[in-house]
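Q: Got these off TrEMBL a minute ago, pasting:
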type     : residues : note
COMPBIAS : 162-172  : compositional bias 'Basic and acidic residues'
COMPBIAS : 173-183  : compositional bias 'Low complexity'
DOMAIN   : 56-189   : domain 'Large ribosomal subunit protein uL2 C-terminal'
REGION   : 157-203  : region 'Disordered'
Amino acid sequence: MASLRGRTASLNLFNRLLHQSFRAPNRNVSSVAADVHYQSTIENMKRDLLNLDINSQIGSCMPIASMRIGTFIHNIEVNPGQGGKLVRAAGTSAKILKEPKSRYCLIRLPSGAEKLIDTRCRATVGTVSNPSHGAKKLRKAGQSRWLGRRPVVRGVAMNPVDHPHGGGEGRSKSSGSYGKGSRTPWGKPCKCGFKTAKNRRRN
C-alpha cells in the first residue's frame, strides 16, 4: 500500500508540473498540435513511472513486507539481518502466497513446502540464473576433479581396518565387531544415529 500511495503521489506531482510547463506557453499558440503533444508526453511519463516500480523490478532486494502477493523471489533471509539462506541454488525461486500484511508471510519453497517467514526479512525479486545447471553432463571423470569433487569409494569394497563395512565373505555390512546396520567410517550409525530413549521394560 505504501508503494501504491507513493506512485500515486508522484503521478499527481508530474501532472501538475507538466500542466504548468506546457499550458502556460502554449495557451497563446492555441494549436491542436500542442495539445496532442502535451497529452502524449503525459501518457509517456505515466508509463515510464509505472515501469520504474521498484517492487516489480527483477534484482531488487527489499523486505518481504514491501512485496506483492504472487511475486517470485530468491535468496531469502530466515532471521532479519542474518543474510540470505533459502532458495539460492541455480534456477530456483519461491513464491509469496499471502499478502504480507501481518508479522509473518507464507512462502512456497521450490521443494513444495510452505514456510512462514518474518516480513522484516529481506529477499531478492526474480529467479536465480543458470536454470540448466542440473542438466549439464560431465564429459569425463577428470572434469569432476576440476570441480573439486574427489572419488567416492564404497565401504564394502574396503578392508576392515579402513571401514566398519570392510572385510568378510561377500558383500556383508555386518562384518567385524560393530554388529549389524550401516555405519559411518567412524563407527556411528548412518540412518538414525545412536538411540537416546530409555529402554522401559514392562513387567
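Note that the numbers count up from 1, one per residue, in the order the chain is shown.
Positions of Cβ are set from backbone N, Cα and C atoms, glycine also.
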Q: Just to be sure I understand, if DSSP states are collapsed into helix, strand and coil, how many residues of the compositional bias 'Basic and acidic residues' (162-172) fall in each?
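A: Looking at the compositional bias 'Basic and acidic residues' (162-172) with DSSP, the answer is 0 helix, 0 strand, 11 coil.
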Q: So how many of the residues in the domain 'Large ribosomal subunit protein uL2 C-terminal' (56-189) end up helix, strand or coil by DSSP?
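A: Counts, helix then strand then coil: 16 helix, 30 strand, 88 coil.
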